[in-house]
Amino acid sequence: MSVMQSGTQMVKLKAGSKGLVRLFYLDEHRSCIRWKPSRKSEKAKITIDSLYKVTEGGQSDIFHRHADGSFDPACCFTVYHGNHMESLDLVTSNAEEARTWITGLRYLMAGISDEDSLAKRQRTHNQYPLRRETHLNHCRQTFEEADKNGDGFLNIEEIYQLLHKLNVNLPRRKVKQMFQEADTDDQQGTLTYEEFSVFYKMMSLRRDLFLLMMAYSDRKDHLTAEELANFLRNEQKMANVTPEDVAEIIDKFEESDENKQGGVMGIEGFTSFMRSPACDIFNPLHHKVNQDMEQPLSNYFVASSHNTYLTGDQLLSHSKTDMYAWVLQSGCRCVEVDCWDGPDGEPVVQHGYTLTSKIPFKSVIETINKYAFINNQYPVILSIENHCSIQQQKKIAQYLREIFGDKLDVGDALSRDSKTLPSPNSLQGKILIKGKRLPSYLSADAEEGEVSDDDSADEIEDDFKLKSSNGNGHHQVESHIRKKLDSLLKESRIGDKEDTDSFSIRALLRATHQEPGRKSNGSGWKEEEDDETEQRSVKPGGVHQLYCLTGTFSMRHSLMPNPCFSSGTPGDVLSFSETRAQSLVNHKAEQFLAFNQRQLSRIYPSAYRIDSSNFNPQFYWNVGCQLVALNYQTEGRMMQLNRSKFMVNGGIGYVLKPPPMCKGSFNPFSDDPLPAYPKKQLILKIISGQQLPKPPDSMLGDRGEIIDPFVEVEIIGLPVDCCKEQTRVVDDNGFNPVWEETLSFTLHMAEVALVRFLVWDHDPIGRDFIGQRTVAFSSLMPGYRHVYLEGLTEASIFVHVSVHDVYGKWSPLVLNPSFTIMHFLGSNKGHQLRGIRGLFNRSSKSSVDTNSGGLRKRSISDHLLRRTASAPAKGRKKTKMVLSESVASISDPKNATGAGTGGEGVSGKEGGVVVEKRLQPRAPLIHRPISMPLERLLQGQLSLCSPDKEQHDMGADTIIASFPASPSQLYLVIHLSVYCD
């Protein structure tokens, strides 16, 4: 480590240029590799946690291009990093230096994944103490970064600058007070590291956790073992909590020896426990296989990759075998291999009709064989797109047999006589080939045969394909396209990170200033205007089979005669481009769903996604499509959804479909797709945020103003379930903002739903993306949980999660307490919403008491839709509505979709809500006592009483309550769901 931190002079190889001599060194925190000189200055770095792997010798594409350099392999190594598997290719002056860097980087990669990686942080309770070590490291790093002059002390001005960088907006008087309390040595006016640690601890005190602890400790500053056990049982829903479990938690997380001896937990230990993996929002049991793996393959969603070999866009990027190693180890179980005739009779893998590079087919198969079953043994499917002559197809078959060997032998599991597909368990360690055999009339020694293009090459008409031409024209078009593509890619990065739209190949053609119908000179590239291209056909791309490799091998193309799902053997696989699949989903959803109950279908991105962008996979999961193939090299929203989908079952690449998708019929686009199926009500209380950074694309970086964060929660699932809710904005606080707001969602098929937490920085002209975390609904843990933002070490939001069963018909007003609470309460009733025993609110700026922060002037029908597109505006007053207007807005189906027009029956029972469809006479007007917290009323902890204190039976009534919110009474119609014993 010391050698690496001192620095080593190395040659940095780049494509198309001679090597550059640079001094490479490890920074003092061992968090990134830096080099100098560099025009990038401070940005010239590669973070350790972005490293994928380090390889020895000159094995990369860059080294192959510098083959004439005669480098000693012992002095060469390559560092792969980033989402696109970029390579840093280095040559040292001697083998010892190379060995030092290779060993050191591998050690750091292992260490960082144990301490800071989100996945490791969630994985096992044995690593809980590392959270404390990471916090101490963060404190040390913060101190060193704030110590501008390097004298080992921080003065008050350096503290002010540090707080601004940390997004903390505290009054200077408060900062000075904490500074003076921490400054205890003889040298007044400065803080040593030890004193700064005290200051940092005071600043980092979690008021929300402190008040939560006091709620269970009878206002003491610690929890006894019994009180901690009550918290675990009542709030965290932990069953069978034993005294031994509680003692282990106290011993593991409590920092004070005195508290440990007394068997109690103070605020610091409680904070460490609540920030540990034990209180993460993700179910720790889901880090391992937890689903039935004995069902037919058609009953599972399978993690699938498109054009796996590409490292970037679809036109110009490099092809690398490393991509297969990466996706297979990350849980992908279906990879694509595009085969073309290569030189010297050797087939190659590349993206046809483009300028992407080529790699040997044999190397690809060797890589797949090496990495297919390192992390899990469940079967791998090879989707082979074939464009080879018969001779080179024979070479493909030879390599498959020789390299995969027994991995191809699946016995009779996939015979054409089988009535169902085999299970993932029965195929462990096996590799399946998705393709088509040569016809029986073609002999094994045939030299010729009809071979046609398959899959994505079919979607682009010949006029759009880049074809071979003279060498000079080839280089001209490559240079021209690369320049325009880079420009378009930069434009797309500037846009909203949540924008799912992508430019098409026509946008690229327009960018080259070619008019429709006009041909280019010497490039082999032309455009024919045809807006009907993508809508012309809904035929599947082809019918393939899953099989073990025997006999003569081929993938001859075979189009279905019509778009209907004709019956076939279970091993038949239909392959669709997203354009064709989208048409089928829109027009034949139920037939598509029925087909996917028996056989497999594969959906791949449109060939017009030249930037390697991805479609929304949820659209196709909703009809049971198993092999929804994405461009793994393109990080973003869609890959985040894909990752969260397959984390549910240990990240092995197989997730069981919900029972209604495996058997039976329903319309996923219906407003009530499964009337008899129990629904779920998800209630999320967004409490606070911790150490939220400035947006990564902030123009001013750390010098910019302190952020104004808000949280948006999005549900991605069946169309009827898709919606968004968001909190208000907290001004000038990214370090510890408090929202204390409740959001509610009703899900018709929770098993396919994903819950997406997004944090935004509100800006007068828009909003800036800070971070996100996406979790499958079925992986949510109940109680008080931290949601760590993906890719950010310390940034998190603190929430409370509760889920209830709902049966029968429902009304948004019944199932959306946040709608009732936040939008119907009078302006002076905010104090009724206080959180844990009314303790969370501390100021109008960072609590629910804020009168104007979270509401926008929209109609009730707009609120019923529960869809939001921009940040909540700050400083707007709540909208009040008289009784006649509110009743009309709620009752009129034109204004409010799905709202009940009368009193729908509501009765309660433990464990769920039963909503009966019957009308009852309207209950008499009742006033809620001012002293009665509405939130507790909605949760069923209090019963509603009339003013004369008599018990009121509200089993199936619509309650009309009035809240004295202003000199003129504000009347509201509220549907109440009551949970009672």
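Quick reminder: no glycine exception, Cβ is built from N, Cα and C everywhere.
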822-865, 866-909 - the range that TrEMBL marks as region 'Disordered':
866-909
Find the member of 170-206, 572-661, 663-791 that has more C-beta pairs under 8 Å to the domain 'PH' (76-110) than any other listed stretch.
572-661
State the mean pLDDT for the domain 'C2' (663-791).
91
May I have the DSSP-based helix, strand and coil counts for the residues of the domain 'PI-PLC Y-box' (572-661)?
40 helix, 18 strand, 32 coil
